[in-house]
Amino acid sequence: MSTTPVKVAVTGAAGQIGYSLLFRIASGALLGPDTPVELRLLEITPALKALEGVVMELDDCAFPTLAKVEIGDDPNTIFDGANVALLVGARPRTKGMERGDLLEANGAIFTGQGKALNDHAADDIRVTVTGNPANTNALIAKSNAPDIPAERFSALTRLDHNRALAQLAKKTGTSVNDLKKLTIWGNHSATQYPDIFHAEVAGKNAAEVVNDQTWLENDFIPTVQKRGAAIIEARGASSAASAAAATIDHTRDWLRGSADGDWLSMAVVSDGSYGVPEGLISSFPVITKDGNWEIVQGLEINDFSRGRIDASAAELAEERDAVQQLGLIG
Ligand SMILES: NC(=O)C1=CN([C@@H]2O[C@H](COP(=O)(O)OP(=O)(O)OC[C@H]3O[C@@H](n4cnc5c(N)ncnc54)[C@H](O)[C@@H]3O)[C@@H](O)[C@H]2O)C=CC1
Ligand SMILES: O=C([O-])CC(=O)C(=O)O
């Protein structure tokens, strides 16, 4: 085992997602079995007592990869020297809300955290935003951290990607292991577009294997888009264990690389690819290696996909304009 622990900061650490996420990070699921991890956990002051209880449980697991845990309510201290930051802490939506309804309530959290990352994180910092509305919160954090390269900020659409894989496997009677090159485009919201036109099922084109436009339009796409709401309706609380698992998948693959011959969905800063306005944090098909990502280029976009990608990008532009008006970005 190497000797210097990687510092992983997690915000909202005493929340639902935190309760699944921390134990997986501590057990090596993020960085592997040979890399010691130092957890740096941020919470609001009233939640620190509950967080102390979670830390007692982390101790009680005796994870060989967990080198140290620090907790606190000051992002300047908790982000000090952080190599990875998982920004989960934010209010979840409840029944009847859209994620965009959280913009004002949660957006402000990400200005202060962006500044604190800018001033205190390690030079190799990578930031994953899970707290909703994730894409625009990532935009806010990035905009408030001018000294950190923009490509170090990302937002989570891996849960949507994983949900789409599960639906496609069910429809085609295959396993998720047989599926490749699925893409979530756009916003982590009901306008996101899960695209199977370039996906493969056991090496064959997924859209051709499915060959069912009605299922695609009336079942697959809306099921993936509205899965978060369906879970809130059924569970009375938003997805937590699956969101934690996706946060790990996203960050692990960013740091350790995507599989050969496949790609991932990650919301990253747009360079204008596929007509998504430059600067928005939008989900794209990406290939990752050693902590870097690259948008997969050259995919042909049919008319069906074009309208949907544009609609989600338009929603992201509206969210950007709204947070600009709130003074959360310059
Ligand atoms: N991107 C995605 O795929 C998903 C995103 N989410 C989002 O993740 C977020 C967290 O969800 P849960 O863990 O279920 O919520 P939760 O309410 O159980 O936990 C949130 C935690 O964040 C803390 N918090 C609030 N403000 C904070 C601040 N300024 N600094 C540090 N901590 C702060 C709260 O005290 C609370 O403990 C929500 O915004 C939710 O909508 C949830 C599921 C999927
Ligand atoms: O839907 C929500 O509010 C929580 C979330 O982001 C998801 O489950 O995808």
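Positions of Cβ are set from backbone N, Cα and C atoms, glycine also.
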- Item | Of the candidates ASN132, ASN135, ASN205, ASN211, the one that TrEMBL places in the substrate site of ARG93, ARG99, ARG163 | ASN132
- binding-site residues whose CB lies under 6 angstroms from ligand 1, from GLN113, ASN132, ARG163: ASN132
- Secondary structure tally of the domain 'Lactate/malate dehydrogenase N-terminal' (6-149) (DSSP, helix then strand then coil): 64 helix, 27 strand, 53 coil
- From the binding-site residues listed here (GLN16, ARG93, GLN113), select those whose CB sits under 6 A from an atom of ligand 2. ARG93
- Residues satisfying Cβ distance under 8 Å from GLN113 (NAD(+) binding site), sequence separation of at least 6: THR11, PRO75, PHE79, ALA85, LEU87, ALA141, ASN144
